[in-house]
Amino acid sequence: MNKNSSNIMALAPNTSNKRETVCIFGTGDFGRALGHKMIQSGYPVVYGSRSTQISNLIPKDAEVLSHAEAAQKAAIIIIAIQRQHYNFLIPLAEILHGKVLVDISNNLKLNQYPESNAEYLAQLLPGSRVVKAFNTVSAWALQSGTLDASRQVFVCGDDVEAKQMVMNIVRALGLTPLDKGSLLAAQEIENYPLQLFPMWKFPIFLSLGLTAFFFFYCLALDVIYTYIYEKNNFSFFIAITIPNRVCPVMALILLALVYLPGIFAAIIQLYRGTKYRRFPDWLDKWMLCRKQLGLIALAFASLHVVFTLVTPMRAFVSWRTSKGIISQALNNKTEPLNNTNAWISDSYLALGILGFFLFVLLGITSLPSVSNNVNWREFRFVQSKLGYLALILCTAHTLVYGGKWFLSPSAYKWYLPNIYILSLIVPCAVLVVKFVLIFPCVDKPLTQIRQGWERNPKHSE
């Protein structure tokens, strides 16, 4: 009897997995998208609306009731309306007492109000349990199945149980909840969607500034100087030639700037004899945006590859090639192959190909979907060891191609060095200092410091 009873119980449906009803106040784009996603995930959904008429836009399996009736049918109520309309909730305070209110609203600008929208909602309805969530997810992301958008959902609230209930819903929707603590974090969460690439500002402004500098530098030497002193109009260099000089220079310098803060950090730690002191703010910010600098460098390197591939199609190159052929025909003389130049040409091309390959590998491993699937040692090997190898190859590529201008007086127009000479300053400095840092007499104490050893523990901060 017991055996048969246990078999019957095992075959019976598990009613504990039944989803609780969720109420949504608001039938706008986000409210409809969220309701549709919840219905797909097995949640019964009831909408609270001013109009109880069924619209074609409302998910067909959802129920539409008045706000008071809808609130009575659910323990969790998602407030999908703007802050300026919160006052209509005050008459419902008794019905909403003890219920979980999920505030998903955003503002039009950073710190628009003294307190966050979620805190304001909690002040209006002190008997309710307010949780902030879903404000960093767009209606489009919910409609597209979150396959092409961020899956993180920031959650905060003062009631631990209420917050856990909301986080369970987030997980059921295929999203990843991230607990940010109490409701005091709501304003920070509400500011997230309003920040336009916060970690990209410095890399972008730096890149734009350096690009403008090198562009006008090349314009002065290759177009203006040539026009003034040689009476040649090479203004068309602005379209392909100058960008194809600026892009590799920018890629090399930005790649070097990715590893330069690590050099500074090592020197500072060796000088201080401890790792238990904060780096200067400028160095902290620099180290935090290394990924962005590297990705922008990869973009410049990719443009350089594209510009190089289209070079044979240019009218100027065709004219110069045909001019050389005609010149040899008129002189009845064929120029022999210069093996030295052939070696130099093939060498800098091979170095560039290998360097770009490692460049792309660094960019791929920076993607969250890839970096999440490798352990720390593998990630560090690619980003550090192979990263420095990419810097060496790209520096060698530039050195082999532009090294001939170092000792050529004609390369110093207006006494200014060629752009390739300038591009080698930062990467060569980084590689030289890094070479010194890997000496055992320097690397050993640095490793000890990073493992917790201190030269003067009593003076550490």
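A Cβ is built for glycine as well, from the same backbone N, Cα and C atoms used for every other residue.
As given in TrEMBL:
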type: DOMAIN; residues: 21-107; note: domain 'Pyrroline-5-carboxylate reductase catalytic N-terminal'
type: TRANSMEM; residues: 204-229; note: transmembrane segment
type: TRANSMEM; residues: 249-271; note: transmembrane segment
type: DOMAIN; residues: 249-383; note: domain 'Ferric oxidoreductase'
type: TRANSMEM; residues: 292-310; note: transmembrane segment
type: TRANSMEM; residues: 347-365; note: transmembrane segment
type: TRANSMEM; residues: 386-407; note: transmembrane segment
type: TRANSMEM; residues: 419-442; note: transmembrane segment
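Using a cut-off of 8 Å between Cβ atoms, the transmembrane segment (292-310) and the transmembrane segment (204-229) share at least three residue pairs, counting only pairs 6 or more apart in sequence. Counting residues per DSSP class in helix, strand and coil order gives 111 helix, 0 strand, 24 coil for the domain 'Ferric oxidoreductase' (249-383). Residues 203, 206-207, 210-211, 214, 279, 283, 286-287, 290, 293-294, 296-298, 300-301, 304, 359, 387-388, 390-391, 394-395, 398, 419-420, 422-424, 426-427, 429-430, 433-434, 437, 442, 445-446, 449-450 of the same chain lie 6+ residues outside the transmembrane segment (249-271) yet bring a C-beta within less than 8 angstroms of a C-beta in it. Long-range Cβ contacts of the transmembrane segment (204-229) within its own chain (Cβ-Cβ under 8 Å, at least 6 residues beyond either end) map to 197, 235, 237-238, 241-243, 245-246, 249-250, 253-254, 257, 292-293, 296, 300, 413-414, 416, 418-419, 422. Over the domain 'Pyrroline-5-carboxylate reductase catalytic N-terminal' (21-107) the predicted model carries a mean pLDDT of 89.
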